[in-house]
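**Student:** According to Swiss-Prot, the Zn(2+) binding site annotation covers His7, His9, His159, Asp283.
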Amino acid sequence: MNRIDVHHHFIPPAYVKAFNSTPGDPSGWHLPKWTPESTLSLMASHSTRTAILSLTAPGTSIMSNSPVESANLARQINLYGFQLHQENPTRFGFFASLPHLTPETIPSAVEELAYALDTLQADGITLYTRYSGTGYLGHAAFAPLWEELNRRKAVVFIHPTNTASDAQNKPEMVNPKLPQPIIDYPHETCRTAVDLITSGTISKNPDVKIILSHGGGTLPILATRAANLLYDAGLTEITPETFLEQARSFYLDLALSGNVGNLELLVGKNGFAKPGHVLYGSDFPYAPVETINKYVGMMEEFFAQGGDKEEVARGAAAELFPRFRIEDNKEMIPQNRL
């Protein structure tokens, strides 16, 4: 099948060092062990030809107290991603990391964006759903970044991060056994997506191609509610039709979201997603292999009843990332090759 996995994380040595120098991930999730070989092994088990690697949250924001260290970490991560692609050009792509975003660091973020896309030939840029001290991605401070991304017609991979903290700057959890990635992350994705729509960011930057993690989180469920309530209550001039059109402009990956019911919601009859806007994702190595295997099985079950499995598995992603089209690269990677 030669899948393209657009939601596949790597953990560069520089990030491990930075992570271990801090209190850790404020979402409550642990840092798993990872090697390029472990990624290739997972890819082989699911006939995945290419993984687009990205750094999960909190990413360079783990060094948010030091703009210089955050920028240096972003550069190290991007050089590592470039190295992996050079060593395995058909197996690995990567989304570049940016420094922690604040109004003051936007210029350096734009510089890193240019370096990553022009010099390192990154496949796109990773952004997180919100940044402490600024807010969600529709904030006016981020406008210059979106303008540059739009000018370049770039691909942006949006990954959820920890929710806003309490007054003591301590992330709030439902209980100690429910780290935020379990149930909070999907709604964080919805929050930033709706913020991008209502702030006018989407309408002003129509050429950016945005991938939302985890099937768009709760956006497919809440989009119609938000579209109508906002307009009917006089809270926005965006008509419900325009709101829903913009909500459907996002690309949606299936990491931890490829169960039968969710696939029916996204790509079934009258599905939320636009044709060609649903992409395969695994969420390795943060999702256990056992969980990934279950979701691949559920996807197979759904597509056994019909639907364009090839488009979701690789076709839609190949349109976004032309360098990984099989016809461009000729050689087919054997499914059991590491």
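Cβ coordinates are placed from backbone N, Cα and C, and glycine is handled just like the others.
Quantities reported herein were computed from a predicted structural model and do not represent experimental measurements.
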**Student:** Quick one: of His7, His9, His159, which of the binding-site residues has the smallest count of other CB atoms within 10 A?
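**Tutor:** Result for the binding-site residues His7, His9, His159: minimum number of other Cβ atoms within 10 Å at His9.
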**Student:** With the Zn(2+) site defined by His7, His9, His159, Asp283, which remaining residues of that chain have Cβ atoms positioned within 8 Å of the Cβ centroid?
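**Tutor:** So the additional residues around the site are His8, Ser54, Thr56, Ser213, Asp253, Ala255, Gly281, Ser282, Phe284, Tyr286.
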**Student:** Mind giving me a neighbour count for Asp283 (Zn(2+) binding site)? Other Cβ atoms within 10 Å of its Cβ, every protein chain shown.
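**Tutor:** I get 24 for this one.
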**Student:** What three-state class does DSSP give His9 (Zn(2+) binding site)?
**Tutor:** strand
**Student:** Return one of helix, strand or coil for Asp283 (Zn(2+) binding site), based on DSSP.
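**Tutor:** DSSP assigns Asp283 (Zn(2+) binding site) to coil.
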